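A.B. asks: Dropping a structure here in structure tokens format, bear with me for questions.
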Amino acid sequence: MELNKYIDHTLLKPEAKSKDIDKLIDEAKKYNFKAICINSSWVKYAKEKLKDSDIKIASVIDFPFGAAITQAKVQEAKLAISHGASEIDMVMNIGKFKDGDYEYVLNDIKSVKKVMGSNILKVIIETALLNEKEIIKACQIVLNSGAEFVKTSTGYSYRGASESDIEIMKKTVGDKVLIKASGGIKNQESLKKMIELGSSRIGTSSSVALMENQEIKKGY
């Protein structure tokens, strides 16, 4: 199993500086990770640094809350793609979802996907804030949205992905939508387990430690 090819090497801290992005990129090149995942203001910078690499750039939008108006999400996605991102990780509108306004949530996702062309969209449903029935419903919405991935977590709630999250999500989406497990992965054994349960991508800021088979004490 080529673990590196499952990993989105992630740096989403608001205080991240150019030297931190440089370090992220150097690590991604060294381990040949599938992608880096960064905030949208760094996409153009990272694209220049990765111009001779096949490592993908994933940009988060309206992160970490997902509570902005749809037009703002659409505009940020368009700009991130124009700057060099080929993948977008968006947060669904959790408040609207909790209100039962599923049509709004669906249209919010569809509107972003509509301006992305063939680029990949991952939808973060923030499983830590949902019960089992809500996880199922959120996955069903993502299924109908045209997005390529459903993703567990932002890393900013009280926990990241759990094995039970992935089991519920996989049972709901089958092979129709891919799954990204993010946060909460503390060792290589846990990483492998998430993949075995059905995750096609892993989001973590501790990618290097995981590749070196170290135990993660803190971090996303």
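The backbone N, Cα and C atoms fix where each Cβ goes, and this holds for glycine too.
According to Swiss-Prot, the active site, proton donor/acceptor annotation covers Asp89, Lys180, on the basis of sequence analysis. Marked as active site, schiff-base intermediate with acetaldehyde by Swiss-Prot on the basis of sequence analysis: Lys151.
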A.B. asks: I want to check the contact list for Asp89 (active site, proton donor/acceptor): same chain, sequence separation of six or more, C-beta distance under 8 angstroms. What comes out?
C.D. replies: Cys37, Ala58, Ser59, Val60, Ile61, Phe63, Lys122, Ile124, Lys151, Lys180, Gly203
A.B. asks: Provide the number of Cβ atoms within 10 Å of the Cβ of Lys151 (active site, schiff-base intermediate with acetaldehyde), excluding the reference atom itself.
C.D. replies: 30
A.B. asks: Tell me the coarse DSSP state (helix, strand, coil) of the residue listed as 'active site, schiff-base intermediate with acetaldehyde'.
C.D. replies: strand
A.B. asks: Let me check the 10 A CB neighbour count of Lys180 (active site, proton donor/acceptor). How many other CB atoms are there?
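C.D. replies: If we count other Cβ atoms within 10 Å of Lys180 (active site, proton donor/acceptor), we arrive at 28.
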